[in-house]
Amino acid sequence: RCGFPMLAIFQLGERACQTDVLVKVPTQISVLSENQRMNNPDRPFECTGHGKTFNQNTAFNQHQRIHSGEKPYECNECEKAFSRPSILSKHQRIHNGKKPYTCEDCGKSFSAHSYFIQHCKIHTGQKPYECIKCGKAFSTHSSYIQHLKIHTGEKPHECNQCGKAFSRSSNLIHHQRIHSGEKPYKCRECGKVFNRQSHLIQHQRIHSGEKPYDCEECGKAFSTRLSLIRVHTGEKPYVCTECGKSFRQRSHLTRHQRIHSRERPYTCNQCGKTFSQRITLKRITLSSHEKIHTIHIREQTYECSKCGEL
């Protein structure tokens, strides 16, 4: 497909073509490995899984962890484990906030080089990957592949806890945190934790006061795109099946449904009292003579008459 002979495809390591060849002619892998050993004596380490060769034992051992599932490098913040130290280092930037890759055009910074390269294509307008089904173009090959699954309906990533399937591995990872309770993204200002980085970024705007979404109709600014979209339309797509009341945000519906279910998931660790909403559990802690007094906020919420926010 790419124009290289079959032998050159393996030797040059063209990933775009390698998958097709491996699927169609798996019997040629071992033969090719023999040729590689003869032609490349400086790459003596070979993976018996699929014939890939390495010139260093360390690189070979790291590769073997793909097959064994071994993840010896653990994050000391959230205990998530990785197969390579470089991947751990990249992950730790989530916690320490380091973003060493900065765009010269707009000044935006990124924690990973791959994110930086992907972002740069926004300025160049380069979108070399075009869908033959609908004509939509993409700046990265991975985005193009993910888009194709919309047409095929393919959802290869399945949760081993509940069986729910996803088209993207990242969506599966986010979903699995529902079961594990993992919340690796922590706010430096107040210590609140989140299971998605996007939720942390949105939360941090409470502290910074940032409202990047401006309404062209009235000039009002909003902290989230969703709030901007629905402020004038009045759209409330989340409807309670019990009473028919509708809400602008899914979280507001979830909170409301506890009225019907009588669920009170938030428990005070001082007195044991339970609450249906986190805001009602909020404590004002006062230190006096080494005694901590906890004052519960009244279980009451107020809805803004203009935007419907609670």
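Just so it is clear, glycine is given a Cβ too, placed from its N, Cα and C backbone atoms.
Mapped onto DSSP classes, the domain 'C2H2-type' (45-72) shows 12 helix, 4 strand, 12 coil. Annotation source TrEMBL lists domain 'C2H2-type' at 45-72 (among others).
Among residues of the same chain six or more beyond the domain 'C2H2-type' (73-100), those with a C-beta under 8 A of the stretch's C-beta atoms are 62, 65-66, 109-112, 182, 184-186, 188, 197. As annotated by TrEMBL, domain 'C2H2-type' applies to 73-100 (among others).
Assigned with DSSP, the residues of the domain 'C2H2-type' (101-128) fall into helix, strand and coil as follows: 12 helix, 4 strand, 12 coil. Under the heading domain 'C2H2-type', TrEMBL lists 101-128 (among others).
For the domain 'C2H2-type' (129-156), the predicted model reports an average pLDDT of 86. Feature annotation from TrEMBL assigns domain 'C2H2-type' to 129-156 (among others).
For the domain 'C2H2-type' (157-184), same-chain residues at least 6 beyond its ends with a Cβ under 8 Å from one of its own Cβ atoms are 77-78, 80, 94-95, 146, 149-150, 193-196. The feature domain 'C2H2-type' is assigned by TrEMBL to 157-184 (among others).
Residues 77, 94-95, 97, 174, 177-178, 221-224 of the same chain lie 6 or more positions beyond the ends of the domain 'C2H2-type' (185-212) yet place their CB under 8 Å from a CB of it. Summarising the annotation, TrEMBL assigns domain 'C2H2-type' to 185-212 (among others).
Per TrEMBL, domain 'C2H2-type' is recorded for 213-237 (among others).
According to TrEMBL, the feature domain 'C2H2-type' maps to 238-265 (among others).
Among the features that TrEMBL reports, domain 'C2H2-type' is placed at 266-289 (among others).
Residues in the domain 'C2H2-type' (238-265) partition by DSSP class (helix H, G, I; strand E, B; coil) as 12 helix, 4 strand, 12 coil. For the domain 'C2H2-type' (185-212), the number of residues in each DSSP class (helix H, G, I; strand E, B; coil) is 12 helix, 4 strand, 12 coil.
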